[in-house]
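Annotation comment: Swiss-Prot describes 25, 69, 111, 124, 192, 193, 194, 195, 196, 197, 198, 199, 241 as substrate binding site, evidence class sequence analysis. The Zn(2+) binding site annotation in Swiss-Prot covers 98, 101, 116, 119 and rests on sequence analysis. The annotation domain 'Nudix hydrolase' is assigned in Swiss-Prot to 125-248. Annotation comment: Swiss-Prot describes 158, 178, 219 as divalent metal cation 1 binding site, evidence class sequence analysis. Among the features that Swiss-Prot reports, motif 'Nudix box' is placed at 159-180, with the record citing sequence analysis. Taken from Swiss-Prot, the feature divalent metal cation 3 binding site covers 174, 178, 219, and the record attributes it to sequence analysis. For 174, the entry in Swiss-Prot reads divalent metal cation 2 binding site, with the evidence type sequence analysis.
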């Protein structure tokens, strides 16, 4: 339940508007509300980090509005809370009126939801399930450079789950569509909320089964097999892609060293 922020309120401050995050001096604000001119603002506590409250304030600031990607190097738990705040702020902003009857909606007092004041329809934040998979072939990993990441970073394959599709089917389809190969021995590893814009990454490992690499040029700039001890530029630590790569490298080292 939201409330008005008072002078002595303190904690982490997620000030967000239109999927942007307020980052004075390039950092997520932490401390007393008065230090950041937040007294009197309406805020919602969205969690705790190391015993301190994490507050969401839906507000546009004139300066220092940036992407949540800028705080990706934070501790994983705090980064996830920042991402939660950005996603919730966008959810509340985009659900002011009911999609069924057009009447005004209001936030639930018991959960993250918006309720229609007329037809009683209930809306929840959208979450888009995605798969991400590290594929191994003997002592090598399949890594690709995506068209949307023209910075030299090579990563594992990923994609959105389609309607009526299992996670396993999504892995097989995405891998075939993007690289032209088939995989086998699929194994679930972990998951990670990913606020770009509202994904839930489900991470897998798989083994190469058959086929030659034929990339989808709309998705990939290039893809290739890289030996575990001779890898290109990788995604940053803290990402689920980096974990999948490091876990696969560890398995290769155990077998080949």
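Heads up, the Cβ atoms here are built off N, Cα and C, so glycines get one too.
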Spatial separation of residue 116 (Zn(2+) binding site) from residue 25 (substrate binding site) - C-alpha basis, Å: 39
Remaining residues near the recorded divalent metal cation 3 site, that is with C-beta within 8 Å of the centroid of the site residues 174, 178, 219: 157, 158, 159, 175, 177, 179, 216, 220
Structural state of residue 116 (Zn(2+) binding site), classified by DSSP into three states: strand
Which of 194, 196, the listed binding-site residues, has fewest other Cβ atoms within 10 Å: 196
Secondary structure of residue 192 (substrate binding site) (DSSP, helix/strand/coil): strand
Cα distance (Å, whole number) from residue 101 (Zn(2+) binding site) to residue 192 (substrate binding site): 35
Tally of residues which DSSP labels helix, strand or coil - the motif 'Nudix box' (159-180): 13 helix, 2 strand, 7 coil
Set of same-chain residues at least 6 away whose C-beta sits under 8 angstroms from residue 119 (Zn(2+) binding site): 98, 100, 101, 103
Rounded Cα-Cα span from residue 158 (divalent metal cation 1 binding site) to residue 194 (substrate binding site), Å: 12
Of the binding-site residues listed as 111, 116, 196, 198, 241, the one whose CA lies nearest the CA of residue 178 (divalent metal cation 1 binding site): 241
Number of other Cβ atoms within 10 Å of the Cβ of residue 192 (substrate binding site) across all protein chains: 20
